[in-house]
Amino acid sequence: MSDSLDNEEKPPAPPLRMNSNNRDSSALNHSSKPLPMAPEEKNKKARLRSIFPGGGDKTNKKKEKERPEISLPSDFEHTIHVGFDAVTGEFTPDLYGSQMCPGKLPEGIPEQWARLLQTSNITKLEQKKNPQAVLDVLKFYDSKETVNNQKYMSFTSGDKSAHGYIAAHQSNTKTASEPPLAPPVSEEEDEEEEEEEDDNEPPPVIAPRPEHTKSIYTRSVVESIASPAAPNKEDIPPSAENANSTTLYRNTDRQRKKSKMTDEEILEKLRSIVSVGDPKKKYTRFEKIGQGASGTVYTALDIATGQEVAIKQMNLQQQPKKELIINEILVMRENKNPNIVNYLDSYLVGDELWVVMEYLAGGSLTDVVTETCMDEGQIAAVCRECLQALDFLHSNQVIHRDIKSDNILLGMDGSVKLTDFGFCAQITPEQSKRSTMVGTPYWMAPEVVTRKAYGPKVDIWSLGIMAIEMVEGEPPYLNENPLRALYLIATNGTPELQNPERLSAVFRDFLNRCLEMDVDRRGSAKELLQHPFLKLAKPLSSLTPLIIAAKEAIKNSSR
């Protein structure tokens, strides 16, 4: 009798999404992002010789002295003129544009772009309706900048809660202004560094969401696209912003304005940032929770305080842009907040950089979004915490640029924290807009997709898309080919909900404020913190049953 009473007093289990038990266990290898191909040993040695000309044997030194120095061509441009024939619905050579450049023949759309377009599922009608948007997304997809900004590091084993820690600290941060002590790395210089990367290896395509996070209604992409590695660096000049014609510039072998930092200079700079001492004497009970391409993530206990932390151990020799790690550490060190997974400490241990971060055992919000159903009060609570983090970052001139459920970590107490500053940008009042294309496509703001100058409100758009994730289990257009998804983001405006009638009027208004196409009318983090929807927020402890239910569902599906 008492047992039956106890059972009646227990609250009902949180509702699970229909897809939680229909997953292929093989999908639980969370390698959602493709890893770059390992460069050939010969290429590695050649690159090292180019960076450290003093190295090598005496014979090579003698040959180097005998060889005359010939400078690289500078400011070389390959201009491509693309027009659009409204009658045939085809992209054609732009005869007018070619006349503007004497001696150049009209070329039309590059062959690799034509191949991308054929497999993109963008219909002829859509191409005819907005050819400029098509060119914008083709330029993005073909851009090496996008390839170099992919988060290559994804863990292959261990606790899924490691996800946010493994993705963080990638050497792909771009900063518009440098924090103290950091070497100046301008946007243009960073792009030139990317051009020097080995072009022989094919770039990875934009990875769709892992199969286990898709709903039962999600169609797989019909055909994967192999993105050609074309060094496409210059933004479309204002004079060429025309719906029927655009001039695109391909720069090759541009002369470097400033040389890269040497390994010794990078180590010297890191020594001025990191703590002195042996971290093995400060932390104990190391437990591996994840493995990535350039490092390993462990949990450990701080001996003095008993605090559980996450420690990422990165082999510096395997980091493609070691100098940018400095910028990221400084940005994170200077921006601490209760709603951010905070940087705690760092150490140099031999050839490794150890970065110590807060540890949240609840895992990423993606687990909760894909495995359970959240109500509006719980969604409001998550949105409030994220907006508090964004308000703090934006007030400190930092744009996150990759807001999505994967980058929100949860504590078992329901705490909500923003992580992964691999794409973050620091801006100044003098340079309050940026125009680089970074982030994850399905969460991107339209102004980012179309390569316009943008500000902190790109994070607000992404937050709105993440709110849709919390309602529907996935972002809009996830079932589309990535290239077509970019086109739809650029042209459709605010995405439509599957069942808007199920949402309250105040929630729909909140989404509309986040997903406003007109950036000036889109709410800021500070403004949205006053939105009536956030008054519906439940206590953060209401997220704990969802976190437990998500972990249980993942555990059961892996059996």
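Backbone N, Cα and C define each Cβ position, glycine as well.
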Q.
Just to confirm what the record says: which one of Ser31, Ser161, Ser186, Ser239 has phosphoserine annotated in Swiss-Prot?
A. Ser186
**Q.** Greatest C-beta neighbour count within 10 angstroms, which of the binding-site residues Ile289, Val297
**A.** Val297
Q: Report, as a single number, how many Cβ atoms besides its own are within 10 Å of the Cβ of Asp402 (active site, proton acceptor).
A: 25
Q. When a 10 Å sphere is centred on the Cβ of Gln291 (ATP binding site), how many other Cβ atoms does it contain?
A. 16
Q. Helix, strand or coil: which one is Asp402 (active site, proton acceptor) in, per DSSP?
A. coil
Q) Just how many other Cβ atoms lie inside 10 Å of the Cβ on Gly295 (ATP binding site)? A) 25
(Q) Given the binding-site residues Ile289, Gln291, Gly295, Val297, tell me which ones have a C-alpha lying within 10 Å of the C-alpha of Asp402 (active site, proton acceptor). (A) none
